[in-house]
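Notes to accompany the following structure.
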Amino acid sequence: MGGQRRKKRHFSRIHAFSCGKASFKGEHSLIGGPGFSRIVYCNEAERGEGSLVSYYGDNYVSTTKYTVATFLPKSLFEQFRRVANFYFLVCAILSFFPVSPYSSVSNVVPLVVVVAATMGKEALEDWRRKKQDIDMNNRKVKVHQGEGVFDYSKWKDLKVGDIVKVEKDEFFPADLILLSSSYDDAICYVETTNLDGETNLKVKQALEETSKLQEDSSFQNFKAIIKCEDPNANLYSFVGNLELEEQLYPLAPQQLLLRDSKLRNTEFIYGLVIFTGHDTKVMQNSTEPPSKRSTVEKRMDKIIYFLFFVLFFISFIGSIFFGIATREDLENGVMKRWYLRPDDTTIYFNPKKAPVAAMLQFLTALMLYSYLIPISLYVSIEIVKVLQSIFINQDLHMYYEETDQPAHARTSNLNEELGQVDTILSDKTGTLTCNSMEFIKCSIAGIAYGQGVTEVERALARRKGVPIFQELTEYDNVPQTSDAKSSIKGFNFMDERIMNGNWINEPHADVIQNFLRLLAVCHTAIPEVDEETGKVSYEAESPDEAAFVVAARELGFEFYERTQTTISLREFNPKSGKTAERSYKLLNILEFSSTRKRMSVIIRDEEGKLLLFSKGADSVMFERLARDGREFIEKTKQHIDEYADAGLRTLILAYRELDEEEYNLFNKEFMEAKNLVSADREQIVEEISEKIEKDLILIGATAVEDKLQNGVPECIDKLAQAGIKLWILTGDKMETAINIGFACSLLRQGMKQITISSDTPEAKSLEKVEDKSTAAAAIKASVLHQLKKGNELFAKSDEHSEALALIIDGKSLTYALEDDVKDLFLELAVGCASVICCRSSPKQKALVTRLVKIKTCSTTLAIGDGANDVGMLQEADIGIGISGVEGMQAAMSSDIAIAQFRFLERLLLVHGHWCYRRISTMICYFFYKNIAFGFTLFFYEIYASFSGQAAYNDWFLSLYNVFFTSLPVIALGVFDQDVSARLCLKFPLLYQEGVQNVLFSWKRILGWAFNGVLSATIIFFFCIKAMEDQAFRKGGEVADLEVLGATMYTCVVWVVNCQMALSISYFTYLQHLFIWGGILFWYIFLLVYGTMDPSLSTTAYKVLIEECAPAPSYWLITLLVLVASLLPYFAYASIQMRFCPMFHQMIQWIRNDGQTSDPEYVNIVRQRSIKHTTVGFTARFEASHSSGSLKSAQV
């Protein structure tokens, strides 16, 4: 086993911590009290019912909405919490009693079909989630089985107290206490991107007392007891102690390995399971999968409530009139309507008990007018949404070939919500970026090198209409190189002047040599040599460092070995023209921190020179330059400004030579400070470091691209033009988040940045105060003051002011989200064009999302790729998971999974717009056709003295929504397009129709309802007046109830289907088939049903063959009623289209006139898409263009 392991090294000197330096002061004194009661027995043999292991539970994790036991009650509750379904359930029960105006079978069957279909869809979707859970729970890990033997076991079978062996590039299956690793000093490297979004590796270290357990056999007799905190959601803290051989040792976050983080650059670790399953910190940060309902569906419920009010109202009015008429049927023994035999009747028509008859008639009317409420609406919407989801899943424009991943709509409940998104809350790492940095440009000795083109530069060049090669360099004589994408990860640098050893011919070759040597030496990266190919790869604590050492290697300075005290390079020797091996003695590392904003190393070269190499942010490096070290400062500043405009991250490189006396004095103080055990140790180390990081000589600057995913700037720009706001919520550092903001054009030069940070000297001094409550109150007051200043700045701005950007860190966000501050924070955030929240915990991401969703009452969409984003995805109205390289936790908890951020553009602007428009039009049409049908029943009830007599046959009533009018509306919901996908993307402001809810406003809904009442009025009164007194058949017979019902029903079927044909913008063969086929099917049904036995066909017996079809008036009435009913809608639509066109109608005009390629005409419409305060590269171009015009005007 030892032979398989790589050479062990002591790397603790590289990092600023010592083995097991936690103390028992502070929170450790709480162990055993409330909140700190967990006791874990390592290698526990007893696993009985009463043991703590059994009490703590297993490692099974579930993200499903239902279980086998809860599916039936929960899904039934979901169905019958819909008021319409509950109403139909009551009607189905009442249909078994004599008050029913129709048979029970015709009423119960449609309800059962509707509810069963919806429950089946829910079960199918949850089963898919279950399968994903099964895949995760059945992953394998090596577990100690006893006697020093480790064997594979499933994740779900892990118990608290188990000892596991996790190998390189595996995920941790539970929360573990690190016992030992493949390194002698028991360190390991952990990637936590799945938890906090950071790509840099974290270094963890076990206690010295367990660090020697490096073989499987070492655990044969290992016993220990851990007492620690109870399960909680805090990712960054841990308090506990380890009892080993009757000695207590304190445990800190340094020993905690969290579930879903990954072991990197370490062959293996041994860990003790401390929290399992839903007790793990990542699961504590997640919430129950919520039942999400779209805004449209919620408004649909309100419409149904309104229709219920109408239904109850007309039933109540009808029952009063019925009661009065029934009472007057028999007065003083005189029968008014003698043909009804009121003297010999049932209780339902008894004049002597008129109030009772009126109440019973009220129940009858409630059931009869139920056709105002569309029973098939919900199931039709479910069918449409499932079919829409299939189209989303099969859209090749959202298929990512590299990973073979299509889009995946995991739930179809929220399709139309995709067309109404007002605010997007996005994670950064792995969502906007590819989790990789690329060295792309540099400035050395005041000369700019590198011809690589960034995403931002490409976007700006396209916007300006300038060929990209004109943007590459300011030097006309620079040889052009291939624009082919570099195949080396982290290196996208192209410049023949310094590649392939050509740098020796440059004017400042000695400076270039120092630049490349600094890149190869000033870092904490660890090389890994592939034994087969001999190729060197690097594991670094940050992606920047990895990019720098790769760049140094590619430019001739290959870092290939690190020991505890040396760094070895293969350098290009300019004198010999060959590569030579050189070794540098590594004396000290002055580490990077967010306050220092720089990193330095002190080395001794082979000639004995003492050198300090330093790299850091320009804000701290320029002030540390010596007077004679500023030779290239002006040119370098110019270059880093250009790099920042191109969205690149820049660092300044400088060095100095040290004399022995100065170094020895520094080293003595530095080592003493590092060995201190006190609260202000870090500050003392920083102060001593500052003493030597001075009088530096400027070498140059680096520019790396935090590589955005393909198409991110274009996507953000298009979303911004559509009026959608984008917030970034990231666990990353503020500097990193700001650079990404510039890279994807959420931030730009000139934009006013409101930065609210707790990382200030004042805040740091407050944190050292012993009275924590006083310190917290002071920091909160500081945050409140900064928010008020920001709001004052926002209040002073107007439409001509430059856009504002809000940047806030995690600690400040904690106070900003408190009840008495959050309204002020939200007011400022909503007023800003860009919002970036840094160092956000998963809980904070979810809280910010909830705040925006509830307080703004607008639709929110959250998008992320890691387990740290799950709470945010579930809290938002729509959760989009990126199914990328960081595991599947986010994708499994999302509503829709996509492979790349850029697919969001098509998902929202195309599918979102289409789905919103289709569902909105579909619902409006549903209510229209049911109101048109229901009011013909009501008008007939008036005609029949509210007697409860239905105008139509029972099965005519039941099949109206199911067969004769349902398929066309489903086809509309699936296929209709107001404009094509290309035009949806060309005119992004079209999306605002959904955000402003134009197509499902109360005005539009009531307009369709009025159209339904108008159609019903025309149909009923036209038919009744045309048929009441006229001979209908050749023999001179007038029409009876059966003929009137069949004629009216025929008119209704024709009118509502032709109304559908007028409403459709995009015809397909299926729509033609369903519309005209629905009408034809009515005639076929009437023919077949009418030939059945009279006991089955009842009032429809031979009504078409013998009565309607032979009568010319039947066909003439149908034609005249059809024209009269559609004329009002046709007239209104023509006037509205001509004088008050909606945005999609304007685009239809352009399309129909063939002017979609006319730049001038199109630009008039597109100008409505561009707002001054928006973000994106369009806005960046507009801002720079306007500022350039202003400068030229001033000149």
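Using the three backbone atoms N, Cα and C, a Cβ is placed for every residue, glycine included.
For the domain 'P-type ATPase N-terminal' (40-106), the model's average pLDDT works out to 77. Per TrEMBL, domain 'P-type ATPase N-terminal' is recorded for 40-106.
Residues annotated as transmembrane segment in TrEMBL: 84-102 (among others). Tertiary neighbourhood of the transmembrane segment (84-102): same-chain residues 108, 110-111, 114-115, 304, 308, 348, 360, 363-364, 366-368, 370, 373-375, 377-378, 948-950, 954, 957-958, selected by CB-CB distance under 8 Å and a gap of 6+ residues from either end.
Residues or ranges marked as transmembrane segment by TrEMBL: 108-124 (among others).
Residues or ranges marked as transmembrane segment in TrEMBL: 303-325 (among others).
Remote same-chain partners of the transmembrane segment (358-379), defined as residues 6 or more beyond its termini with a Cβ less than 8 Å from a stretch Cβ, comprise 82, 84-85, 87-88, 91, 94-95, 99-102, 107, 110-111, 113-114, 117-118, 300, 304, 307-308, 310-312, 314-316, 318-320, 322-323, 326, 347-348, 923, 926-927, 929-931, 933-935, 937-938, 941, 946-948, 950, 957, 960-962, 966. Per TrEMBL, transmembrane segment is recorded for 358-379 (among others).
Among the features that TrEMBL reports, Mg(2+) binding site is placed at ASP427, THR429, ASP865, ASP869.
For ASP427, LYS428, THR429, GLU545, PHE592, LYS615, ARG649, THR730, GLY731, ASP732, ARG839, LYS845, ASN868, ASP869, the entry in TrEMBL reads ATP binding site.
Positions annotated as domain 'P-type ATPase C-terminal' by TrEMBL: 891-1141.
The transmembrane segment annotation in TrEMBL covers 926-943 (among others). Cβ atoms under 8 Å from those of the transmembrane segment (926-943) belong to residues 303, 307, 314, 318, 365, 368-369, 371-374, 377, 380, 949-952, 960-961, 965, 969, 1005, 1008-1009, 1011-1013, 1015-1017, 1019-1021, 1024, 1048, 1052, 1055-1056, 1059 of the same chain, restricted to positions at least 6 beyond its ends.
Residues annotated as transmembrane segment in TrEMBL: 955-975 (among others).
With a cut-off of 8 Å between Cβ atoms, the residues of this chain six or more beyond the transmembrane segment (1005-1027) that come close are 303, 924-925, 927-936, 938-940, 943, 1038-1039, 1043-1044, 1047-1048, 1051-1052, 1055-1056, 1059, 1113, 1117, 1120-1121, 1124-1125, 1128-1129. Taken from TrEMBL, the feature transmembrane segment covers 1005-1027 (among others).
As annotated by TrEMBL, transmembrane segment applies to 1047-1066 (among others).
For 1073-1092 (among others), the entry in TrEMBL reads transmembrane segment.
Remote same-chain partners of the transmembrane segment (1112-1132), defined as residues 6 or more beyond its termini with a Cβ less than 8 Å from a stretch Cβ, comprise 1011, 1014-1015, 1018-1019, 1022-1023, 1026-1027, 1030, 1032, 1043, 1047, 1050-1051, 1054-1055, 1058-1059, 1062. Per TrEMBL, transmembrane segment is recorded for 1112-1132 (among others).
Closest in space to ARG649 (ATP binding site), of the binding-site residues given as ASP427, THR429, ASP865, ASP869, is THR429, taking the CA atom of each residue. Counting same-chain residues at least six beyond the ends of the transmembrane segment (1047-1066), those with a Cβ under 8 angstroms from any Cβ of the stretch are 921, 925, 928-929, 932-933, 936, 940, 951-952, 956, 960, 964-965, 968-969, 972, 975-978, 1011, 1015, 1019-1020, 1022-1023, 1027, 1039, 1075-1076, 1078-1079, 1082, 1108, 1114, 1117-1118, 1121-1122, 1125-1126, 1129-1130, 1133, 1148. The Cα atom of ASP865 (Mg(2+) binding site) lies nearest to that of GLY731, taking the binding-site residues PHE592, GLY731, ARG839 as the candidates.
Using a 10 Å Cβ-Cβ cutoff, ARG649 (ATP binding site) registers 24 neighbours. When each of the binding-site residues THR429, ASN868 is scored by how many other Cβ atoms sit within 10 Å of its Cβ, THR429 comes out lowest.
When the alpha carbons of ASP427 (Mg(2+) binding site) and PHE592 (ATP binding site) are compared, the span between them is 24 angstrom.
Shown for the domain 'P-type ATPase N-terminal' (40-106): DSSP residue counts in helix, strand and coil, namely 33 helix, 3 strand, 31 coil.
Every protein chain considered, the tally of other Cβ atoms within 10 Å of the Cβ of ASP869 (Mg(2+) binding site) stands at 37. Close to THR429 (Mg(2+) binding site), meaning Cα to Cα within 10 A, are none of the binding-site residues out of PHE592, ARG839, ASN868. Here the Cα atom of PHE592 (ATP binding site) is found 27 Å from that of ASP869 (Mg(2+) binding site). Across the fold, the C-alpha of ASP869 (Mg(2+) binding site) and the C-alpha of ARG839 (ATP binding site) stand 13 Å from each other.
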